[in-house]
Ligand code: SF4
């Protein structure tokens with residue numbers, strides 16, 4: 001599919017996600033704008049490749065244990081590892097004290113500066129800039145790749161998110177007229193709740209242009225013919 005054709009299709013997906021999202025309420029505590037920046041950046045690191053519900057379960061205890069960036073900065077890595085062990089990916093613990101130390105006096109406003117922080121890569125940088133700085137950046141995780149793969153009709157694997165053509169689709173997905181942070185939250189929530197492991201296609205308004213749904217329908221028709 002050409003990028004132009006993909007761009008046109010993506011308009012319906014953008015609209016569908018926002019329509020759905022304004023009626024849903026996911027009150028994750030880190031989305032509260034009164035939370036300090038350092039907590040929100042640390043949380044984005046915890047959310048990377050991790051189920052949001054699992055982070056929500058840990059959130060209160062973790063920040064009760066580390067109520068300030070300084071307290072996390074001075075914590076032994078083994079202790080932090082223990083504190084986040086329920087999330088998996090315990091290797092992240094080695095970066096958290098150093099990251100907390102770097103942002104105790106404030107979180108940078110630019111992607112370039114964020115990328116220099118320990119444990120902060122392209123996903124966390126993009127997510128922080130979109131969700132917490134409300135800027136027109138992008139982010140891509142496994143759920144976003146799956147959503148685009150199903151909707152536009154391409155095969156994907158663990159390496160797909162690094163491909164230039166995929167990043168072009170991501171840029172197109174993030175080209176919209178909505179408030180960046182709201183669109184970012186809608187994308188995270190929609191790709192997890194509606195187009196998740198078991199996609200809810202019948203309730204998805206984007207199904208009229210979705211490649212996955214078209215295949216599903218074609219298979220169902222073929223099955224019905226075989227059984228008639
Ligand atoms: S129709 Fe189904 S597969 Fe396509 S975007 Fe919607 S939920 Fe995902």
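For all residues, glycine too, the Cβ spot is worked out from N, Cα and C.
Mean per-residue pLDDT, taken over the domain 'HhH-GPD' (46-193), amounts to 95. Feature annotation from TrEMBL assigns domain 'HhH-GPD' to 46-193.
Taken through DSSP, the domain 'HhH-GPD' (46-193) splits into 97 helix, 0 strand, 51 coil.
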